[in-house]
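In Swiss-Prot this protein carries:
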- HIS83, HIS182: heme b b562 binding site (BINDING)
- HIS97, HIS196: heme b b566 binding site (BINDING)
- HIS201: ubiquinone binding site (BINDING)
- 33-53: transmembrane segment (TRANSMEM)
- 77-98: transmembrane segment (TRANSMEM)
- 113-133: transmembrane segment (TRANSMEM)
- 178-198: transmembrane segment (TRANSMEM)
- 226-246: transmembrane segment (TRANSMEM)
Amino acid sequence: MTIMRKNHPLLKIINHSFIDLPTPSNISSWWNFGSLLGICLMIQILTGLFLAMHYTSDTATAFSSVTHICRDVNYGWLIRYLHANGASMFFICLFIHVGRGIYYGSYMLSETWNIGIILFLTTMATAFVGYVLPWGQMSFWGATVITNLLSAIPYIGTSLVEWIWGGFSVDKATLTRFFAFHFILPFIITAFVLVHLLFLHETGSNNPSGLNSNSDKIPFHPYYTIKDLLGVILLLMVLMILVLFFPDVLGDPDNYTPANPLNTPAH
């Protein structure tokens, strides 16, 4: 098995990335969040795929299709809330991951950092278009307000907003294209994640001391696979507590009111 792991064209890539990878011996729990982000991304793609099987991206039926998922689809409520709260966990991990990078000077690894910035912005875009899909009041007015920010661009602003909307307001065309973007962007994110890892493994990871750790490396497996597994268990525990006990605590009650272009949410 060891010979195959080290020589097989596909397995040796995995081997050099997750098994025999030389890793600094002193990286702390702040370094766990990269793997947690990978887990979050997998959860989001899987739950999102199953949601897409039942969702309809039409203004007349989008809201009721989400209700249908929660009420009529087997474990649809679980899939929907895993996806919604999984997105929140994704961003919590993302902020900590970036914060650790700033605190410990990981921005010195410029290629890895720049791909990370692209990942951050792409994830924000994905979350934004995804929030519009349930077509509640906050979905509709959130989309209206955020896209309207582009109208501040001199000369081309108004035309740009109408181009993104596909009309003169957030409507059917907007919802359809946002669903298309929301479906494709996670796969683009996955591709960028591989590039992010590629650049990271070119230089090796940073470590809390900030010193060169080439003289003190240990194999990634079993040491950091076990450490990451603990992080994953804790992440899933927090996620499941949210999903099973407090599924709506991070959401807005106004999004349970269908989108109405004639009324802004009560505030």
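Keep in mind that glycine also has a Cβ here, set from the backbone N, Cα and C atoms.
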Other CB atoms, at most 10 A from the CB of HIS83 (heme b b562 binding site): 21
Closest-packing stretch to the transmembrane segment (113-133), where packing means Cβ pairs under 8 Å, from 33-53, 77-98, 178-198: 178-198
Nearest recorded site to the residue listed as 'ubiquinone binding site' by CA-CA distance, among binding-site residues HIS83, HIS97, HIS182: HIS97
Whole-number Å value for how far HIS83 (heme b b562 binding site) lies from HIS97 (heme b b566 binding site) (Cα to Cα): 20
Spatial neighbours of the transmembrane segment (77-98) far in sequence, C-beta under 8 Å, 6+ residues away: 30, 33-34, 36-37, 40-41, 43-44, 47-48, 50-51, 66, 69-71, 116, 120, 123, 127, 130, 235, 238-239, 242-243, 247, 250-251
Sparsest-packed of the listed binding-site residues (HIS97, HIS201) - C-beta count within 10 angstroms: HIS201
Residue numbers, six or more beyond the limits of the transmembrane segment (33-53), whose CB comes under 8 Å of its CB atoms: 69, 79-80, 82-83, 86-87, 89-90, 93-94, 96-97, 100, 182-183, 186-187, 189-190, 193, 228, 231-232, 235-236, 239
